[in-house]
Amino acid sequence: MNNYPTALFLMGPTASGKTDLAIKLALQCDCEIISVDSALIYKGMDIGTAKPSNHELQQVPHALVDIIDPLESYSAGDFREDALSLMQEITDRGHTPLLVGGTMLYYKALVDGLSPLPSANPKVRAQIEKEALENGWQALHDKLEQIDPVSAARIHVNDPQRLARALEVFRISGKSLTELTKVKSDPIPYNIKQFAIAPLEKSVLHARIEQRFELMLESGFEQEVRKLYQRGDLHLDLPSMRCVGYRQMWEYLQGTMDYEEMRFRGIVATRQLAKRQMTWLRGWQNVTWLETGHADNFERIKAML
């Protein structure tokens with residue numbers, strides 16, 4: 001057995017009850033929270049991301065919340081670097097890092113490390129986009145299928161950002177995205193205890209998602225997105241504006257759908273996010289499952305510390 005310090009992962013789909021449980025652990029078990037959520041990183045995006053309240057954040061600080069403007073980008077690599085640094089600081093204080101959230105790509109980057117992918121090259125990307133303009137994205141998808149059939153099967157023709165990135169990686173490095181992503185980093189120096197929380201029944205999760213979206217609408221979500229919309233420098237191609245709920249509300253403000261359709265699509269998009277998160281989690285190794293709202297969840301995690 002190694003002498004590595006313990007770190008806790010509290011994973012789960014959106015609206016599963018992670019935050020309440022995490023705050024209780026932080027208050028009673030000398031844990032410090034690191035957010036693992038690609039939406040909570042953005043300033044000014046509070047209601048639609050179900051960000052912990054100001055009172056909760058004052059009571060229990062969450063690292064990696066409100067760290068960038070919605071115009072800025074933040075990668076899984078940025079997360080890994082920040083999280084490892086924070087985990088070291090927390091263990092140096094004699095506390096336990098508690099990583100909480102549902103962005104499974106961030107967890108994967110932290111645990112498995114990052115592949116040695118080349119940095120973005122504006123000239124190469126511009127050439128790819130020029131080809132797309134001339135020949136269409138389908139033609140570029142066909143090219144990807146020839147050089148990297150595994151990535152082509154995974155990346156949809158209507159996902160130009162990922163499609164362009166896969167082609168860019170090949171043109172810069174001469175190696176496919178699939179080939180490069182097989183290279184892994186060394187394991188991180190922690191004994192990781194992994195928990196996932198979710199309702200037993202999918203219908204319960206769906207009901208929680210709908211209730212939470214309704215509460216967001218009642219709490220001023222439209223006004224929050226309108227403020228972002230009126231800035232004039234944000235658009236739907238940004239990762240921040242592709243967050244569930246924000247895209248639908250943005251399109252409503254543009255006049256491309258009515259209020260009821262926005263509400264319906266926002267709930268559906270959130271359910272689809274939860275489904276993707278559950279798919280990740282079902283394939284995750286060494287996870288202890290907790291049922292949302294169960295009385296002994298706190299004690300089960302505490303017993304592992």
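Just so you know, glycine gets a Cβ as well, placed from its N, Cα and C.
Between the stretches 161-165, 201-205, 206-210, Swiss-Prot puts its region 'Interaction with substrate tRNA' entry on 161-165. Swiss-Prot assigns the feature region 'Interaction with substrate tRNA' to one of the listed ranges (188-193, 224-229, 242-247), namely 242-247. Among the ranges 37-40, 41-44, 153-156, 261-264, the one that Swiss-Prot lists as region 'Interaction with substrate tRNA' is 37-40. Residue with the densest Cβ environment among the recorded positions Lys18, Arg125: Lys18, by other Cβ atoms within 10 Å. Residues 48-49, 51, 62, 64-66, 74, 79, 100-103, 105-106, 239-240, 243 of the same chain, all 6+ positions outside the region 'Interaction with substrate tRNA' (37-40), place their C-beta atoms under 8 angstroms from a C-beta of that stretch.
Summarising the environment of Ser16 (ATP binding site), the number of other Cβ atoms within 10 Å of its Cβ, over all protein chains shown, is 26. Within the model, the region 'Interaction with substrate tRNA' (161-165) carries an average pLDDT of 93. Reported as a whole number, the C-alpha separation between Thr103 (site 'Interaction with substrate tRNA') and Ser16 (ATP binding site) equals 13 Å.
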